[in-house]
Ligand SMILES: *[C@@H]1O[C@H](CO)[C@@H](O)[C@H](O)[C@H]1NC(C)=O
Ligand SMILES: *[C@@H]1O[C@H](CO)[C@@H](O)[C@H](O)[C@H]1NC(C)=O
Ligand SMILES: *[C@@H]1O[C@H](CO)[C@@H](O)[C@H](O)[C@H]1NC(C)=O
């Protein structure tokens, strides 16, 4: 029980500092509302330190979900659990309750008005698509009659909300760093990040990479790995992940103007295939899970990758906001598609839409949208 708490207090003392820096920069960067705070003020009033929105628990709330997934046109078959027959829809009725403040309700109109003329881009693997499609559904539900055009220009899918000139896109990138075609084969180059030139033109960027780092065999999308100009057949995958993250972090620090582009890192999204993590040894998937874990800590503790992310972010010089969704999502063993998806395979990695990723977007909204 105490494991995740213990680890978090010893290794992540930097996090509230990042948050404070972020708030300062956000106020500076949106001068029209200078003087106001990014977060709704409950936490500002109660104590001088800002509220940690990521510490809390799930509560049953009949006023959720925030929209009906059957009227959202942006959900791919993998995430559309209701459409593919999920028999228990209780997972839709949970709301994230931070321990020391309230999460503002998602206000899509205000979001679009404040983001007028801006470009928002998610960059990463299918968990970025999960995050992005939830945001599109939340916005669509707020302005159902507004004109929106979807366009696909591989590897980017974009929806433009024309009445607000706001674009929301997802750039598919498994590793953030590059996989290069060379004569010997596909090389995962831990030191190369060529797509950054496209990414940095956006006003808001939300990054993620993790789930492809341990692939092997036929589903491993590279043949060699390159680190510091040395090409090898393989290496410790956690080391490779942390080196790639450092390449990304150095790129942000040297190339991205964070006065005009706000940068988020999505954090590690957890899977639920090992019941030992939630005190049900022997359970090997999420098929029978119908309830979140109560309380605010996860028996299995934090995944090592989440610790690596925090270490890398803590050494950056530019402000990056960690959307620290790991623990709150770990508590949601009931939020995955399981077999209720277009392909019928057991999926305890992605999240049903509507569902847990709506909360990720409420947290994003809380950081972007001012009172
Ligand atoms: C819409 O926003 C883009 C930037 O995202 C800008 O280049 C363009 O001029 C805007 N168009 C209008 C009609 O305001
Ligand atoms: C690498 O080659 C594959 C096919 O062999 C192709 O689909 C892919 O687009 C190429 N990637 C790049 C970056 O050129
Ligand atoms: C599940 O997690 C436990 C504790 O970390 C570990 O000992 C066990 O090997 C894991 N089981 C599987 C099937 O990976």
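Using the three backbone atoms N, Cα and C, a Cβ is placed for every residue, glycine included.
Marked as domain 'Trichome birefringence-like N-terminal' by TrEMBL: 50-102.
Per TrEMBL, domain 'Trichome birefringence-like C-terminal' is recorded for 103-366. Mean pLDDT for the domain 'Trichome birefringence-like C-terminal' (103-366) in the predicted structure: 97.
Residues annotated as transmembrane segment in TrEMBL: 12-31.
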Using DSSP, how many residues of the domain 'Trichome birefringence-like N-terminal' (50-102) fall into helix, strand and coil, respectively?
7 helix, 10 strand, 36 coil
